[in-house]
Amino acid sequence: MDTSTSVINNSSFQISQFILMGLPGIHEWQHWLSLPLALLYILALGANLLILITIQHEPCLHEPMYHFLGILTVVDIGLATTIMPKILAIFWFDAKVISLPECFAQIYAIHCFFCMESSIFLCMAMDRYIAICHPLRYPSIVTEAFMVKVTGFMVLRNGLLTIPVPVLAAQRFYCSKNEIDHCLCSNLGVTSLACDDSTVNKFYQLILAWTLVGSDMALVFSSYALILHTVLRLNSAEAMSKALSTCSSHLILILFFYTDIVAVSVTHLAGRRFPFTSALFNVLHSVISPALNPVVYALRTQELRVGFQRVLGLGSSPMQGLRAVSGNEAKELRLSSDMAVLEKNKQSLQLFSTTFLILHLIL
């Protein structure tokens, strides 16, 4: 069957599959983009798996911040794997046909993972806000039960609220054109092919964007505004530098994530005039973010770098090992060291006192 023609069910004239044409305007040489995209995909998988294994392997990384980072790595792997294998299959094997259920499943996965990533960034921002602005109350607020509730809420919120997106898309009637000028199934790209009215799809997409991603973004930047206000009131330059360094990597990723979303939205609005730019931004947004997140955290976080060395068997110096210890463990080590010194001084004092007493009795 020729994939360039519409596949139609003769009894109801309902299209049974879509054809992903690839990046618009460069169909003849788009396979040259497959190499950098494949490398980014391999980097995303390898780096995120390494972070996940390191967090699981290192006890000093069993903290709330790294718990959220672990969830982020799972989401990044899921997002990249939802999109990249199909794109590479299109570029390498001309496998352009995708069934309606597969297409709607991809729409759901893309929306769910994007909303999950936004929620994780919000949780990480709130974690840093409590740690910096209310450090004494942090252990009583961010407990294990709190982490379980937050994680469950994230999964339920994003998993349930994104279900109507593919459900509404599946209710549309597709009767004529089935060629999608893209290399992935986007909600608006698919519903634009419908023969009936798709206003409700566009409306729900807008509501979802504002209620989930929009509210997350507002709360994230509000948290960092409060963090910055608290940090600027610190008297110690060293404390200010330490507070900023703890959330610098997170802030870099947040700025990239939301800037990228704005860029994708703007290019989508101008998609009719610049279809290639809109499609390329969608693809890059789905693979660059999963590849960038672990790299930034690895470069900016000392504990992760030391953990990588241990997991990969590269070893680490005693000083690096000491730096990798969490705050509580470091305090315990220092306390043990101080107690050992105190005990040694006590024994020396007793020996000196005994010697002095014997000499005094003799003389």
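Here the Cβ of each residue, glycine as well, is placed from N, Cα and C on the backbone.
Unlike curated records, TrEMBL annotations are generated automatically.
The domain 'G-protein coupled receptors family 1 profile' feature in TrEMBL is assigned to 47-297. Under the heading transmembrane segment, TrEMBL lists 32-55, 67-93, 105-126, 207-231, 251-270.
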Residues of the parent chain within Cβ reach of the transmembrane segment (207-231), under 8 Å, 6 or more residues beyond its termini: 111, 114-115, 118-119, 121-122, 125-126, 128-129, 132-133, 157-158, 161-162, 165, 240, 243-244, 247, 251, 254, 258, 261
Spatial neighbours of the transmembrane segment (251-270) far in sequence, C-beta under 8 Å, 6+ residues away: 114, 117-118, 121, 125, 188, 213, 217, 220, 224, 277-278, 281-282, 285, 288-289, 292-293, 296-297, 300
